[in-house]
Amino acid sequence: FEVRRVNPLVHPKEGPIGGGEKGTYSGAFKTLVVQQTSLDLPRETWSKKVDFLLSVIGYAVDLGNVWRFPYICYQNGGGAFLLPYVLMAVFGGVPLFYMELALGQFHRSGCISIWKHICPIFKGIGFAICIIALYVAFYYNTIMAWALYYLLSSFRATLPWTTCTNAWNTANCTHYLSTDMNISWTNSSISPAEEFYTRQVLQVHRSPGLHQLGAVSWQLGLCLLFIFTVVYFSIWKGVKTSGKVVWVTATFPYLVLIILLIRGATLPGAWRGVVYYLNPDWGKLLTTSVWIDAAAQIFFSLGPGFGVLLAFASYNPFHNNCYKDALVTSSVNCLTSFLSGFVIFTVLGYMAEMRKESVETVARDAGPSLLFIIYAEAIANMPAATFFAIIFFLMIIMLGLDSTFAGLEGVITAMLDEFPHLLVKRREWFVLGLVCVSDLHCLQGGAFVVKLFEEYATGPAVITVVFLEVIAVSWFYGTSRFCGDVQLMLGFSPGLFWRVCWVAICPCFLLGRGHMATQDHVQSQEHWEIRL
C-alpha cells in the first residue's frame with residue numbers, strides 16, 4: 001500500500017481552495033489518501049515478541065560460547081581478558097548488532113533484496129552472505145550429528161568412551177586417573193575418550209584426507225538424517241513455526257548449564273579450574289593478539305554478517321524497539337559466554353585433580369575436541385555419569401539447532417524476498433532442498449570437510465562482508481539518512497556514540513581484524529590436525 005500526504009489547501013483535482021491565487025483556508029483538514037498498489041501477500045510476523053527475542057538469543061548463544069570463549073579467556077590473561085572483551089563488545093560488536101536489527105526492521109527485507117533500498121551496487125554482499133550461512137549450517141548440522149551419536153551411546157550403565165576393551169581401541173589406549181595406581185601415562189598414550197571420538201565416531205583413520213574421503217559412515221548418516229528432519233519440520237512453515245520451537249531449544253541449554261555448574265562446583269579440584277580460568281595476567285593486555293582475539297570472539301559470538309539478524313528483524317512490527325532488543329540480547333550473549341567458562345573449567349579442574357596434571361595440560365585443546373574428548377571423559381568419571389552425559393549432549397544439540405534454524409532462515413528469507421513469485425508458494429520444497437544439500441559430512445573423511453568449512457568458510461570472508469556492509473550503510477547510504485530511518489521507527493535518533501561507531505570505529509575494528517585473520521589462516525595451512 002502507498003500512503004500519500006495531501007496538502008489541506010489544495011484539492012486533489014480542483015487546485016487551491018477558493019480558486020484564487022492565494023487560496024483561503026475554509027475549514028479543510030489534512031487527509032490521507034490510501035491507494036492499493038500491490039497484490040502481494042502481507043509479510044509474515046512473529047506471533048509474540050518473546051519468540052523473536054528467544055530466536056535471536058538462540059542464534060547468538062551457540063556452540064562457540066561453550067567451547068571457544070573459555071579457551072580464549074584463559075589463553076589471553078584469564079580475568080584480564082574481560083577488559084578487552086567488554087571494550088570490543090561496546091565499540092564493535094553491539095553497534096553492528098544494532099545496525100543489522102534496525103536495517104532489517106525498517107526495510108523488511110532479507111540480505112539480498114535489502115540492497116535495492118540501500119545501495120544496489122552492493123547487492124553481491126547479500127549473495128555472499130547466503131553462501132557463508134550455508135557453509136556454517138552444513139558443519140553445524142554435522143557437529144549435531146556427532147552429539148546425537150554420543151547421546152544415543154550414553155543410554156548405558158558404562159559409557160563406551162571410558163574403557164579400552166572395545167573393537168575400535170588400539171594398544172596405546174590408556175585409561176589414566178589418580179585412582180589407577182598401576183597405570184602410567186606416556187607420550188604415546190591415548191585416552192579412550194579420544195579413540196572413541198576419532199576412531200568410532202569420526203572414523204578418520206579410514207580416510208587419508210580431503211583427496212579421498214572414504215565410504216559412507218552409516219551411523220553418522222542416520223544421525224545426520226534425523227537432524228535434517230528436525231531442522232526441516234522446524235523451519236518449513238516460517239518464523240511462526242521456528243518461533244515456537246525456540247521456546248525449548250533456547251531455554252533448555254540454560255537449565256543444563258546451571259545443573260552442570262552446580263555439579264562441577266561440588267567436584268574435587270573444581271577450584272583449580274576456576275582459579276586458572278580467572279587468574280588475571282595483566283601483562284598480556286600489552287600484546288596485540290589479546291585485543292585481536294577479543295574482537296574476533298565478540299564478533300563471531302554476536303554474529304552480524306550472516307543475514308540472520310536482518311531476516312529475523314524483518315518480521316518485526318515497524319515500530320518495535322529494536323534498540324532495546326539489541327542491548328538485551330547482546331548482554332545475554334556475553335553473560336552466557338562468561339557463565340559457560342565456569343561450567344567448563346570447574347570440570348577441567350576436576351580432571352586435572354584426577355590425573356595429577358596441571359589445568360593447562362588438560363585444557364590444551366579448543367574447538368569440538370574440548371567437548372567431545374575432554375569434557376566427555378570428565379563426565380564419564382563422575383557419579384551418575386549416564387545422566388550428565390545425556391543432558392550435556394542434548395544441550396549441544398539444542399545449541400546447534402538454534403544456530404542452524406537461524407542460519408537457514410536467513411538464507412530462506414533472502415531468497416524468498418528476492419524471487420517471491422518463484423519461491424513463495426514453493427517454500428516447503430525450497431527448504432527441503434536446502435537441508436538436503438550437504439552429504440559429504442557423513443563420509444569417513446567428513447571431519448576433514450568440517451575442518452575445511454570451519455577454517456575457511458568464515459573468518460576473513462564474513463569479516464570482509466560485514467566491513468563492506470558497514471561502509472555501504474555509513475558512507476554510501478549515509479549515517480544521517482540511516483539515523484533518520486531509525487527515528488521514524490523508534491521515535492528517537494541514535495546518539496553521537498552510535499554514529500561515530502558506525503562511521504569510523506566499526507570499519508577500523510573490522511579492517512584490523514580482517515588483516516589478522518588472513519595472516520592466521522596463512523599460518524594455519526600447515527596445521528591440519530584432526531584433533532578437532
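Yeah, the Cβs are placed from backbone N, Cα and C, and that goes for glycine too.
Automated prediction, rather than curation, is the source of TrEMBL annotations.
Positions annotated as Na(+) binding site by TrEMBL: GLY58, ALA60, VAL61, ASN65, SER301, ASN333, LEU399, ASP402, SER403.
Taken from TrEMBL, the feature disulfide bond covers CYS164-CYS173.
The transmembrane segment annotation in TrEMBL covers 52-70 (among others).
Residues 73, 76, 114, 118, 285, 290-291, 294-295, 297-299, 301-302, 304-305, 309-310, 312-313, 322-323, 325-327, 329-330, 334, 338, 466, 470, 473, 482, 485-486, 489, 494, 498, 501-502, 505-506, 509-510 of the same chain sit 6 or more residues outside the transmembrane segment (82-103) yet have a Cβ under 8 Å from a Cβ within it. Look at TrEMBL and you will find 82-103 (among others) tagged as transmembrane segment.
Annotation source TrEMBL lists transmembrane segment at 124-152 (among others).
As annotated by TrEMBL, transmembrane segment applies to 215-233 (among others).
If you look up TrEMBL, you'll see 245-271 (among others) marked as transmembrane segment. Nonlocal intrachain contacts for the transmembrane segment (245-271), taken as residues 6+ away from its ends with a CB within less than 8 angstroms of a stretch CB, comprise 51, 54-55, 57-58, 61, 234, 336, 339-340, 342-343, 346-347, 349-354, 382, 388, 391-392, 394-395, 398-399, 401-402, 405.
Annotated transmembrane segment per TrEMBL: 291-315 (among others), in sequence order.
Beyond its flanks by at least six residues, the transmembrane segment (327-352) meets 53, 56-57, 60-61, 65-67, 69-70, 73-74, 82, 85-86, 89, 93-94, 97-98, 254, 257, 260-261, 264-265, 267-277, 297-298, 301-302, 358-359, 361-363, 370, 374-375, 377-379, 381-382 of its own chain at Cβ-Cβ distances under 8 Å. Sequence annotations record features per position, and here TrEMBL assigns transmembrane segment to 327-352 (among others).
Look at TrEMBL and you will find 372-399 (among others) tagged as transmembrane segment.
Under the heading transmembrane segment, TrEMBL lists 456-477 (among others). A Cβ distance under 8 Å defines the sequence-distant neighbours of the transmembrane segment (456-477), meaning residues of its chain 6+ beyond its ends; these are 96, 99, 103, 115, 118-119, 121-122, 125, 128-129, 132, 135-136, 139, 299-300, 304-306, 502-503, 506-507, 510-511, 513-514, 517-518, 520-521.
Marked as transmembrane segment by TrEMBL: 489-512 (among others).
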Message: Do any residues, 6 or more residues outside the transmembrane segment (489-512), come within under 8 Å Cβ-to-Cβ of it, and if so which ones?
response: 88, 91-92, 95-96, 98-99, 102, 105-106, 292, 295, 299, 318-323, 463, 466-467, 470-471, 473-475, 479, 482-483
Statement: Counting only residues at least 6 beyond its ends, the same-chain positions whose CB falls under 8 A of a CB in the transmembrane segment (372-399) are 61-63, 65-66, 143-144, 146-148, 150-151, 154-157, 159, 161-162, 177, 191-194, 196-197, 201, 227, 248-250, 252-253, 256-257, 259-260, 263, 267, 344, 347-348, 350-351, 354, 362-363, 365, 532
- request: Fill in the CA-CA distance, CYS164 (disulfide bond) to LEU399 (Na(+) binding site), as an integer in Å.
  value: 31
Recorded stretch, among 52-70, 215-233, 291-315, maximising Cβ pairs under 8 Å relative to the transmembrane segment (124-152): 215-233
Task: Compile a sequence-ordered list of residues in the same chain as VAL61 (Na(+) binding site), six or more apart from it, whose Cβ lies below 8 A from its Cβ; state 'none' when nothing qualifies.
output: ALA250, PRO253, VAL332, ASN333, THR336, LEU399, ASP402
- prompt: Taking the Cα atoms as reference points, how far is SER301 (Na(+) binding site) from CYS173 (disulfide bond) in Å?
  reply: 36
